[in-house]
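> Sharing the record's features from TrEMBL:
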type	residues	note
TRANSMEM	12-41	transmembrane segment
TRANSMEM	62-81	transmembrane segment
TRANSMEM	96-115	transmembrane segment
TRANSMEM	153-171	transmembrane segment
TRANSMEM	211-231	transmembrane segment
TRANSMEM	243-266	transmembrane segment
TRANSMEM	286-303	transmembrane segment
TRANSMEM	324-339	transmembrane segment
TRANSMEM	345-365	transmembrane segment
TRANSMEM	426-446	transmembrane segment
TRANSMEM	458-478	transmembrane segment
TRANSMEM	490-522	transmembrane segment
Amino acid sequence: MLFSPALVESSVVLAVVLCVHMVVWNQHSWCSVALFVQAFYVQHKWDRLLRSGAAVFQFRPAANSGIVPASMVMPLLGLVLREKCSASGNVYFERFSMVMTITGMMLALFLSLIALGITRPVPTNTCVIAGIAGSAILYTTKQTLTVSEVIEVLEVLLIFVYLSLIMLYLLPRCFTPGEALLVVGGISFIVNQLIKRSLNLVEVKGDPVNYFLPVVVVGSLLLGIFFALLFCFMESETWVSSLFFHMMTAVLGLGVLMPWLSLFIGRHPIMWLLDFVTLNDRRLCLLGYWLFLAVAATCVVLHQNYQRQSGSKKHQASTVVRKYFHLIVVATYVPGLIHDRQLLHVASVGCLAVFLFLEYVRYFRIRPLGQLLRQVLTLFLDERDSGPLILTHIYLLLGMSLPIWLFPGPCAPKGILPGAGGLVPYAGVLAVGVGDTVASVFGSTMGEIRWPGTKKTMEGTATSVFAQIIAVAVFLIFDGSINLNSTYSWIVGSITLVAMLEAYTSQIDNLFLPLYLFILLLL
């Protein structure tokens, strides 16, 4: 009997949707169930378009469309965040979470309309199902959102349309449709939130730490789009072009982003950052420890490149070697999560800015490091890096950091959530740093029994679950703020569901697995 990996992947996502629906049980959770049903039907249309080559843009090959898992991430995130904020009485973030839910549903419906519009012959049954789901979501939007919130959703949708056209045209084969929905949709939401808060500085409130990420994302986006369009008309590898690139980066950072950030935090960002970093000796020790790990990671890269140059045949980093970086990242994040999450938040945003800048330098071949980075990073390419960008290391950083960035601090008393929620900031470490690493290493070295329809092994999945359970026990020993309150069965069930998703998904697991584990642990 043949098994469809996409069908099992959709079944796992449905299990997560039903878990959220049973806990939340409101109009929006019913809409999420309807959204799943229409996404399930539309995914088959997208898969057919990709196989026939009829899609408008070039998407990442050797993967399905990923519409089902991608369509559900943002709506489910909004639902569980709203539940926590409602329980704590935080009305502002409750409304914010509601807008996130509706926005995610609208983006998914828009992507579904694109697939249905270019499919020939027109899939009548799928159109009817999509129409029913869309009508339910629109009716719920009318009943639950204010006019200003509806306008906000439409603004995100407009930004998403233009960003999708630009990024999918400039970056062919970098994303599947689902990955594009999640990445571009998330960026569009962040851009709109930053613009909204910039126009209403009187209402700006909250921790200054939370404003670093939106400014970095918008700055990196502006830099990338500007030079991608500019270098269509001029050579990027000359010293003149490279000097212009560095000068414009400095102008954008010091002349635009720094003043923009100072409007939110009320001080010069560099002075604020110096005071923040030197607040106590523990932070200085953590920074020194992280610097040591960064040097160790660089040594691994240089050693692997030396082996390639000295070898008699073409050398490529193995799966085990690539997982060294997962272990280094785990060693980086766990002490930060235990001792100083705010510092880890700021440091991970800074690391994202550095990664994006270096990828621009590599992609545009900016001197003096562009060609060197191309030679060094080519060694660590895998089958998912089929486009002009190398995104694997950026996805790893995002997977580890997103649970920290998305943690609902204003809705958590004393910054701590009870029960399984205490593990929410560790979702990236568990799903990617421990689970994915152990599954890959043990599955590729000792696995023999494969899951039907995939290359993943049952031994790898089983060891992944056991390793994450052991990691939870370790976190309980060293982090006194975690109090699981007899939610062990829920934690084991959540870990098992996400492990099954890892076994059957063809999407970027570093991006999807932490988000789904985050959603389950937050319930």
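Glycine is no exception: its Cβ is also placed from the backbone N, Cα and C atoms.
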> Six or more residues out from either end of the transmembrane segment (62-81), which same-chain residues have a Cβ under 8 Å from its Cβ atoms?
5-6, 9-10, 13, 16-17, 20, 23-24, 28-29, 31-32, 35-36, 39-40, 42-43, 46-47, 49-50, 93, 97-105, 107-108, 111-112, 115, 176-179, 181-182, 185-186, 189, 383-384, 386, 406, 408, 411, 501, 505-507, 512, 515-516, 518-519, 522-523
> Please report, as numbers and ranges, the same-chain residues at least 6 past the borders of the transmembrane segment (153-171) whose CB is under 8 Å from any CB of it.
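Answer is 57-58, 99, 102-103, 106-107, 110, 141, 145, 180, 184-185, 187-189, 191-192, 221, 225, 228, 387-389.
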> Using a cut-off of under 8 Å between C-beta atoms, tell me which stretch among 345-365, 426-446, 490-522 contacts the transmembrane segment (324-339) the most.
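The listed stretch sharing the most Cβ pairs with the transmembrane segment (324-339) is 426-446.
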